[in-house]
Amino acid sequence: MDPRSLTPALRALRLCLHMLMAALLGLAALRAQAAGGVAAAVVTGAVYAAGALLPAVRQSQRAAAVWLTALCLAWLTLLWLTPEGLWLAFPLYFLQLHLLPARWSLPAVTLTAGAAILSYVRHGAALNPGVFIGPLLGAAVAVATVLGYQALYRESERRRRLIEELISTRAELAAAERHAGTLAERERLAREIHDTLAQGLSSIQLLLRAAERTLPEGSPAAGHIDRARQTAQDNLAEARRFVRALAPPDLEQGSLAGALERLCGTTGGPEGTGGPRARFSVSGTPVELPTPYEVALLRIAQSALANTVRHAAASRAEITLSFMAGSVTLDVVDDGAGFDPAAPRPVRPSAEGGFGLPAMRSRAESLGGAFTVESAPGQGTAVAVSLPLPVTAPSASASSASSASSASSASSASDAPATGSPALDSPSGASSPPLSPSAAVLPTGA
């Protein structure tokens, strides 16, 4: 703490000190009887006024120490000439405690009290308890007052810092909540566009294609239907671009595999750094996934890996993205402490605003997938999610005269061949086999 900080309380104390010093100097000058007493009082007052007015004394600790030394010498001269100078010892205590470091202020106060006591002897006063009580009691009151003020100042500074940290933390939390809300809303809009608008446009394409096949050759309506089908196809492509643009920033830089690899690269580190070593691998032939699939798999991987870092005390973690016939599977395995999946756990939001395993399960099931957790105390944890891949549309030559009703039925499971991208997300029935604890959990001795 800088004892010369100009707080409002300190300004008030300084004003009181100036008034006290002026009053005591005036009283000493009026009552001085010895030759030179008035002159000594005037010199002492001039030295004190110089220190109160000169900026250097307020800005430099060395200048303040020099000024205080000069003031004490002037006071000792006044004290030698007249006993009335004894009264100035009390404000001098405060100046010494205020301007000098602790290792010098207390010895200075002690010497000042001793000089005040000796002045009684110098001016012929009889030694009695009052000679000692007055200066020592004044010194004790000054020390207690200054130390009490400094303690209150330190407490005030501590509370000020705590308030600043609290304000900063609340601002960071509000920013994080806004960011999380923005990401959640983007994901919701992407799902809504994908599940409603994009799928509806895909169905319209199929229905128009079926209607086009039922028209007799040369029908004037064929051109209108073809233009309507082309418009639906263009709007479907635009809707898919919207879905891609609403993807999380992690997916904007590339594919799902790239985002998962970056996630592993930013998680944990070498042994001894407090986090697990994370490794990512891809199995099978990668295929392009709809944006909601990529978002769900990325969020599940982030949540599972965050649980590993916070709770598992693991040394290693592996993320595997597997592409199989009709399904895509994500496995997150660690060699940490593990837990009993059947044990009841309190349902409370995590730091990221989710609900841990229930949130992961909900993401998987919302896309028609399966979510499993296998773990045991001391045996690590394996989290697996399997999502069915959307089926592709049949070729145009497979059926030359399908009716509108049959096209409507087909629209629930396929997209128009001209689009070349996934359509409705219907389960394909294929799923990866469940992980077994012995095969899924990393061996601790590896």
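Backbone N, Cα and C atoms are what each Cβ position is placed from, and that goes for glycine too.
The following features are taken from TrEMBL:
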{"type": "DOMAIN", "residues": "297-391", "note": "domain 'Histidine kinase'"}
{"type": "REGION", "residues": "394-446", "note": "region 'Disordered'"}
{"type": "TRANSMEM", "residues": "12-32", "note": "transmembrane segment"}
{"type": "TRANSMEM", "residues": "38-57", "note": "transmembrane segment"}
{"type": "TRANSMEM", "residues": "64-82", "note": "transmembrane segment"}
{"type": "TRANSMEM", "residues": "102-121", "note": "transmembrane segment"}
{"type": "TRANSMEM", "residues": "133-152", "note": "transmembrane segment"}
*Are there residues at least 6 beyond the ends of the transmembrane segment (12-32) whose Cβ is under 8 Å from a Cβ of it, and what are they?*
38, 40-42, 44-45, 48, 52, 78, 81-82, 84-85, 87-88, 90-91, 94-95, 149
*Who are the long-range neighbours of the transmembrane segment (38-57) in its own chain, taking Cβ under 8 Å and residues 6 or more past its ends?*
18, 21-22, 25, 28-29, 32, 63-64, 67-68, 70-71, 74-75, 77-78, 81-82, 85, 88
*Can you check how the pLDDT averages out over the domain 'Histidine kinase' (297-391)?*
83
*asked:* So if I exclude everything within five residues of the ends of the transmembrane segment (102-121), which remaining residues of that chain have a CB under 8 angstroms from its CBs? That is, six or more out.
replied: 72, 76, 79-80, 83, 85-86, 89, 92-93, 96, 127, 131-132, 134-136, 138-139, 142-143
*For the domain 'Histidine kinase' (297-391), give the DSSP counts of helix residues, strand residues and coil residues.*
26 helix, 31 strand, 38 coil
